[in-house]
Amino acid sequence: MRVLASAPAKIILFGEHSVVYGKPAIAAAIDLRTYVKAEFNENGRIRIEAKDIRTPGLTVSFSEDQIYFETDYGKAAEVLSYVREAINLVMEEAEKQKGVTVSITSQIPVGAGLGSSAAVAVATIGAVSRLFGLELTPEEVAKLGHKVELLVQGASSGIDPTVSAIGGFLYYQKGSFESLPVVELPIVVGYTGSSGSTKELVAKVRKNYEEMPEIIDPILNSMGRLVEKAREVILAEYDKEIKFKRLGTLMNINHGLLDALGVSTKSLSDLVYASREAGALGAKITGAGGGGCMYALAPEKQSEVATAIKIAGGMPIVTKISREGLRIEDIVQ
């Protein structure tokens, strides 16, 4: 038996950093996917093949605590811990231990802040659980994905695996999630080609908050109110043009507030301003900042904005919101 599953990447639409201080955030799944094929093998080991994950690939197998590297190339190795923990958790759920081979291909750049780790964990859980005969709901997959992140990272809000498992728009605050109606946003993601350390950037904001609470607290409060306004706009019965304009304005304000927190970089700002000049209604950082990605809302201007991002030194990815989260693509008996 062979199962092929896929799970999407995500962007933080509004509310990164302020979410750490109990404010809400809105995230969305986007139409870039990681694909995981799972099948049983005869040697009793877990074997992982990652041949195309937007970095050079690797093949590795392990048994108990021993890892057998057949190739090892850079950041591709980061998928190992997420995949292994995902498989182990599914085996615990199924109360079975068998040799499994998983093959991974992905459209999601690793280390870009687009939730590549969560997507590979969710797709692995989806494929391997079906292989073992489990029928998990998207919510159950999301919970297992959150467990994987806790095991590997030590801390996780659960936003990334929840968005990847369920898809669409997700409103998050203090551990609770609410699905929002999907607005078909024509977006362009711009990748700087570098990534900042989320841990270091969060610590930087925390330091400024502790040293100057009277300055930083109003910024965080404004970001929280901005997310509530964005939720209002998403839920409102506006026509598409008005909705896009209002969301674009909120994106621009949110970027300015993130810049005030000190988490932007020149390369990110170059992509943001190039996008706006090319006709985007809004453009902002998505994720922790310090590198990674921005995104632009560009109705009828995606091609022009993508070109502007490329000229400004970024890697443009023209995409859209994914209504679907985890998807079982194929089952071969």
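Here, residue 1 is simply the first one shown, and the rest follow in order.
Any Cβ shown, glycine's included, is placed from N, Cα and C.
The following features are taken from Swiss-Prot:
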- Pro109, Val110, Gly111, Ala112, Gly113, Leu114, Gly115, Ser116, Ser117, Ala118, Ala119: ATP binding site (BINDING)
- Asp160: active site, proton acceptor (ACT_SITE)
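Annotated features, which come from Swiss-Prot, shown on the structure.
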| residue | record | DSSP (3 states) |
| --- | --- | --- |
| Pro109 | ATP binding site | coil |
| Gly115 | ATP binding site | coil |
| Asp160 | active site, proton acceptor | helix |
*Cα of Pro109 (ATP binding site) to Cα of Asp160 (active site, proton acceptor): how many Å, rounded?*
15
*Between Ser117 (ATP binding site) and the residue listed as 'active site, proton acceptor', what is the CA-CA distance rounded to a whole number of Å?*
9
*asked:* For a quick check of packing: other C-beta atoms within 10 Å of the C-beta of Gly113 (ATP binding site), how many?
replied: 28
*How many other Cβ atoms are found within 10 Å of the Cβ atom of Pro109 (ATP binding site), counting all protein chains shown?*
23
*Are there any residues in the same chain, six or more apart in sequence, whose C-beta is under 8 angstroms from the C-beta of Asp160 (active site, proton acceptor), and if so which?*
Lys10, Ala27, Gly115, Ser117, Ala118, Ala119, Gly145, Glu149
_Which one is it: of the binding-site residues Gly111, Gly115, which Cβ has the fewest other Cβ atoms within 10 Å in this structure?_
Gly111
*Determine which residues of the same chain, besides Pro109, Val110, Gly111, Ala112, Gly113, Leu114, Gly115, Ser116, Ser117, Ala118, Ala119, have their CB within 8 A of the center of the CB atoms at the recorded ATP site, and list them by sequence.*
Ala9, Ile108
*Ala119 (ATP binding site): tally of other CB atoms within 10 A of its CB*: 34
